[in-house]
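Input: a single structure, listed below in structure tokens.
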Amino acid sequence: MASSSSLLLAIASILLACSSLSTAVAGNFYQDVDITWGDGRGRILDNGQLLTLSLDKNSGSGFQSKSEYLFGRIDMRMKLVPGNSAGTVTTLYLSSQGASHDEIDFEFLGNLSGDPYILHTNVFTQGKGNREQQFYLWFDPTKLFHTYSILWNPQHVIFFVDGTPIRDFKNHEANGVPFPKNQPMRVYSSLWDAEDWATRGGLVKTDWTKAPFTASFRGFGATDTCVWSSGRSSCGSTPPPSGGWYNQQMDSADQERMKRVQQKYMIYNYCTDVKRFPQGLPAECSLP
Ligand SMILES: *[C@@H]1O[C@H](CO)[C@@H](O)[C@H](O)[C@H]1NC(C)=O
């Protein structure tokens, strides 16, 4: 009797541990973000576990994190606008404020039904971007939720898709390339219309008879972060420099995986666009 009840207790505590673990990972949109624009087109549902953004002829919508971060690993599970999403752009990015801001971007450019989305990435430092890399995805991003992540630490900005690194922007300050490391950033996300350029460079326009367009978000993860508040940064339960993510690099297996993805799925790389930079490619393009 005593042993079976202690077994039950053990099972109950394991279940409890699992459920608190999953909520810690999944986060809660009510606690973590504010819907900042779109006049009701952004909605938090399912007790804070689901967020949807929608876009129609009059407006898109967007949200931002309540916290600001100075370094962190940000994860978002997203399911993009299905069907004919041509002209629409869904974004997930980190950005600081002001004219010489830093910014780290994921932008998902929609397409006609059955045609591939483009995942557009960019890194701005001190107000200057022009570092675009674009990819096709190896799955249909409208069917299921997939995880898009940004790891931002003092040495790297690494973009991940479902845990696979697709891009690594390294700290090359020693060679005069600015790196985002002094300005705290917030997480932003939006769904908006960019029919002038998004799909096949603007050839395919938005079909407004299909509106409203909707993208869905689950599981905002920001536990491995340094939260910026009143001029101070605090790094949660794994304080750097011992915390893993803060010092994380790409090991050789990661580099191999990234190289394979880039060979197969990268469709634009500013570092190979010599026509665009007649004065010479940006410095980081020729650094290891
Ligand atoms: C849309 O599909 C066309 C045709 O397959 C392709 O060329 C283009 O890269 C796709 N994506 C976007 C966002 O234009």
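All positions are counted from 1 along the displayed chain.
Placement of Cβ uses the backbone N, Cα and C atoms for every residue, glycine included.
The feature signal peptide is assigned by TrEMBL to 1-26.
Feature annotation from TrEMBL assigns domain 'GH16' to 23-217. If you average pLDDT over the domain 'GH16' (23-217) in this model, you get 96.
Taking Cβ-Cβ distances under 8 Å and a sequence gap of 6 or more within the same chain, the neighbours of Glu103 (active site, nucleophile) are Tyr93, Leu94, Ser95, Ser96, Asn122, Val123, Phe124, Gly129, Pro180, Met185. Classification of Glu103 (active site, nucleophile) by DSSP places it within a strand. According to TrEMBL, the feature active site, nucleophile maps to Glu103.
For Glu107, the entry in TrEMBL reads active site, proton donor.
Feature annotation from TrEMBL assigns N-linked glycosylation site to Asn111. Around the Cβ of Asn111 (N-linked glycosylation site), the number of neighbouring Cβ atoms within 10 Å comes to 21. In the three-state DSSP assignment, the secondary structure recorded for Asn111 (N-linked glycosylation site) is coil.
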### Query
Under 6 Å from ligand 1 by Cβ, which recorded positions from Glu103, Glu107, Asn111?
Asn111
### Task
Inside 10 Å of the Cβ of Glu107 (active site, proton donor), count up the other Cβ atoms and send me the figure.
20
